[in-house]
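Asks: I have a structure I would like to understand better, so I am pasting it below and will then ask my questions one at a time.
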Amino acid sequence: MLHIYNTLSRTKETFKPVHAGEVRIYVCGMTVYDYCHLGHARMLVAFDVVQRWLRASGYAVNYVRNITDIDDKIIRRAVQTGRRMHEVTDYFIAAMHADERALAVERPDHEPRATAYVGEMIDIIGRLEKNGLAYQADDGDVNYAVRGFQGYGKLSGKSLDDLRAGERVAVGSSKRDPLDFVLWKSAKEEEPPETKWDSPYGFGRPGWHIECSAMSKSLLGLPLDIHGGGPDLKFPHHENEIAQTEGAFGGTLANIWMHCGPLMVDAEKMSKSLGNFRTIRQTIAQGEAQDGEADYQANPREAEMLRFFIVRNHYRSPQNYTPDNLVDAQNALDRLYQALANVTPDVAGIDWNEAQAQAFKAAMNDDFNSSGAVAALFELAGQVNRERDSRAAGQLKALGAVLGLLQQDPAVYFQSSTRYSSAGMQQGASQMDAARIEALIAERGQAKLSRDFARADAIRAELRAAGIELDDKPGGMTQWRRA
């Protein structure tokens with residue numbers, strides 16, 4: 001039975017879809033004005049794993065991930081580069097799809113562009129106005145009257161009083177309340193014509209939040225089974241989505257809300273101002289990815305390493321990007337592939353009665369705990385290495401496929417060079433050096449102190465697959481030996 005952590009209730013809940021056997025998922029996607037960065041990679045891979053597991057569990061999944069193709073940042077990019085808005089968005093959508101292919105992220109069932117749903121957005125604004133939740137200000141903008149919606153803040157846990165204390169009304173603002181947010185932006189004379197739509201409120205364009213309310217309702221209906229997104233979307237974007245959709249139609253927008261954890265760079269938030277901003281293509285391109293070319297050739301070994309780096313951590317846990325962590329991920333993935341290189345897999349399919357398949361299933365049914373699932377993969381790799389067991393190798397490859405991993409031919413995989421492999425590392429599992437073993441043991445100790453037992457188990461399994469046995473002693477000490 002599947003259990004999912006619900007951001008709304010702040011608890012794990014037994015998953016019960018609205019319609020038996022069917023799952024409707026809406027995930028907030030990209031605003032396409034630049035290349036996708038590593039934080040985007042985490043969101044893309046995390047929800048790809050979610051939909052893969054739901055399908056593997058027998059559900060009929062309708063997965064929608066939108067594209068925001070009208071936004072102030074897009075308009076600025078178009079003006080700065082002398083291009084039309086759709087030229088900017090078409091280019092970066094193509095670039096995003098190139099990143100997804102490299103990371104083995106499956107395309108969603110629907111990938112709506114916001115500009116195709118402006119009519120539906122205007123309809124929702126009209127409903128909100130009729131319900132007393134929207135008003136047109138003196139400057140022509142249409143704003144949402146936040147205090148008119150009972151329950152605002154229920155997702156983020158923020159009270160109106162707390163929000164009010166941190167807000168200030170901008171000079172010249174015609175909002176009735178500083179908490180109000182824009183639903184429809186009135187057109188400015190200097191803005192390009194293609195950014196303006198006619199409406200009952202005059203020419204203008206939609207606000208960001210209203211876009212997702214329109215697309216999710218139009219494509220999936222209400223309530224959604226699952227609504228997901230990145231960690232920074234909980235407030236205000238998702239909070240505002242709830243206010244819009246429920247304020248317009250009543251009922252519930254989504255039964256379960258999922259948010260993946262942040263991806264940090266050297267323990268700091270990734271930002272261009274800090275100089276630690278890194279795109280997906282910078283990380284995995286074969287050679288230098290050329291600016292101005294949406295498509296690129298990814299290094300297949302490095303690309304799967306980046307996916308593995310994300311999958312080996314629980315989707316809700318914070319994740320830290322460092323060069324050393326990528327080396328660690330590459331070495332670990334190499335060990336899984338080495339097990340498959342040593343023994344030809346029996347391709348009979350998954351035997352769900354087998355112990356490690358059961359462990360894998362239990363982990364994934366526990367809030368999509370891919371870290372625990374990866375631990376099961378390392379247990380199987382250890383079995384393959386010890387026993388030269390072709391059925392275990394088949395299980396390893398088949399379960400890896402559920403996570404979008406281990407589908408390359410091992411011989412071809414190892415023919416690709418990698419920038420993220422330890423100097424002098426031998427491919428054989430038994431060649432892990434003492435310094436690396438001690439580092440993993442220290443990381444395991446920290447994981448246990450943080451009560452991240454899935455990660456601790458995954459490290460033990462990884463070491464066992466490399467032929468390293470651990471012996472935990474009283475007082476927190478751990479000794480190791482080569483098997």
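Backbone N, Cα and C define each Cβ position, glycine as well.
Under the heading Zn(2+) binding site, Swiss-Prot lists C28, C212, H237, E241. Taken from Swiss-Prot, the feature motif ''HIGH' region' covers 30-40. Swiss-Prot lists 269-273 with the feature motif ''KMSKS' region'. Residues or ranges marked as ATP binding site by Swiss-Prot on the basis of sequence analysis: K272.
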Asks: Cβ distance under 8 Å to E241 (Zn(2+) binding site), same chain, sequence separation 6 or more: which residues?
Replies: H209, C212, S213, S216, H227, L253
Asks: I want to verify one value. Collapsing DSSP to three states, which class is E241 (Zn(2+) binding site)?
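Replies: Helix, per DSSP.
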Asks: What are the DSSP helix/strand/coil residue counts across the motif ''HIGH' region' (30-40)?
Replies: 3 helix, 2 strand, 6 coil
Asks: For C28 (Zn(2+) binding site), which residues of its chain lie six or more apart in sequence with Cβ-Cβ distance below 8 Å?
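Replies: Those within reach of C28 (Zn(2+) binding site), by Cβ under 8 Å and sequence separation of 6 or more, are R65, N66, C212, G228, G229, G230, L233, H237, H238.
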Asks: Which of these binding-site residues has the least crowded Cβ, counting other Cβ atoms within 10 Å: C212, H237?
Replies: H237
Asks: Take every residue in the motif ''KMSKS' region' (269-273), average their pLDDT values, and give the whole-number result.
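Replies: On average, pLDDT over the motif ''KMSKS' region' (269-273) sits at 75.
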